[in-house]
Amino acid sequence: TSGKVSIKWFEDGVLNVTESCLDRHLATRGDQVAIIWEGDDPNADSKVTYRELHARVCQLANAMRGMGVQKGDRVCIYLPMIEEAAVAMLACARIGAVHSIVFGGFSPDSLSSRIQDSDCVLLITADEGRRGGRKVPLKVNADEALKTCPSIRHVIVAKNTGGNVAMQEGRDHWWADACDNQPKTSTPEPMGAEDPLFILYTSGSTGKPKGVLHTTGGYLVWASFTHQNVFDYRDGEIYWCTADVGWVTGHTYIVYGPLANGATTLMFEGVPNYPTVSRFWEVIDKHQVNIFYTAPTAIRALMRDGEAPVKKTSRKSLRILGSVGEPINPEAWLWYY
């Protein structure tokens, strides 16, 4: 089309997405599990209820407000696939700050360019990540990136591995120190439907990464509607999207969509082939996953090891299989299905 295309949703509407994803569930499903976290190590897992998640989000929101973060400010999140990633996203939304997540596997240069481009005032990271049995030096990478990011005033660091990392006086704060003594309630910032919710950068495969801005009202409706209807989600089911929160699929189908619908969402820190190539199917059995959403690349990689690693698991709980990220070839789909 020629000329400007402008699409606006519910333009005079006001909401805060965390009220839709958290507060409205407290009366009826406060003690239901919101997030099942499955660690890189198969022996590590935890569960967070809606009530617990709400409290943790409010505590971080209060800490961020105390650091001067205001509605419209940009906050960079550079975290592994741990509960804190979801808490950080929702805490930003709670106070009207715009989150910009950078995938934990990206380099200091990639992190720096994204922080500079969106002029972030706060970085939320961790000491280290874990991936396939190896440590990922997130704080070291962040410190390197921040040498060229004068806009960052504060850094909140989650203690994940307990690795020894440098902390800069006045700038860096341990997550627990910043949050643990904060009140467990926090007033949600009223947001216009067209107010920004997050920025996420394109992969950069076709030139410089571009920051794509997603607004509040239309995005949440789409996330909730598609999670409910595309996956035929039924109350009480366990939903697992294997994406990283660093990608838009992770934003939508690990955090915002499932939580808006009061679902139990699974968050996986690891990789499909660690410690064995049966890992996906073992996790499905362990947590009785009903809906499974993964990528053709992962399926094709697992196909190379044949059916034996799959068949040693039950997978009886599965009802729906989804594929995302690229077109799936018939051979991969038939093997998967």
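For all residues, glycine too, the Cβ spot is worked out from N, Cα and C.
As recorded in Swiss-Prot, the features of this protein are as follows:
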type: BINDING; residues: R131, G132, G133, R134, T249, N273; note: CoA binding site
type: BINDING; residues: G325, E326, P327; note: ATP binding site
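With a 10 A radius on its CB, R131 (CoA binding site) counts 18 other CB atoms from all the protein chains.
Reduced to three states, the DSSP call for P327 (ATP binding site) is coil. Rounded to a whole value, the Cα-Cα separation of T249 (CoA binding site) and G325 (ATP binding site) is 8 Å. Comparing C-alpha positions, G325 (ATP binding site) sits nearest to N273 among the binding-site residues G132, G133, N273. Secondary structure from DSSP puts R134 (CoA binding site) in a beta strand. The two recorded residues, G132 (CoA binding site) and E326 (ATP binding site), have Cα atoms 24 Å apart. The Cβ of N273 (CoA binding site) has G132, R279, A301, L302 as same-chain neighbours under 8 Å, each 6 or more residues away in sequence. Here the Cα atom of R131 (CoA binding site) is found 23 Å from that of E326 (ATP binding site). Cβ neighbours of E326 (ATP binding site) (same chain, under 8 Å, six or more residues apart in sequence): A295, P296, T297. The local packing around G133 (CoA binding site), expressed as other Cβ atoms within 10 Å of its Cβ over all shown chains, amounts to 11. Non-local contacts of P327 (ATP binding site) by the CB criterion (under 8 A, 6+ apart in sequence, same chain) comprise P296. Listed in chain order, the extra residues whose Cβ falls within 8 Å of the Cβ center of the ATP site residues G325, E326, P327 are A295, P296, T297, S323, V324, I328. The number of other CB atoms found within 10 A of the CB of G325 (ATP binding site), across every protein chain shown, is 14.
G132 (CoA binding site): 13 other CB atoms within 10 A of its CB, across all protein chains.
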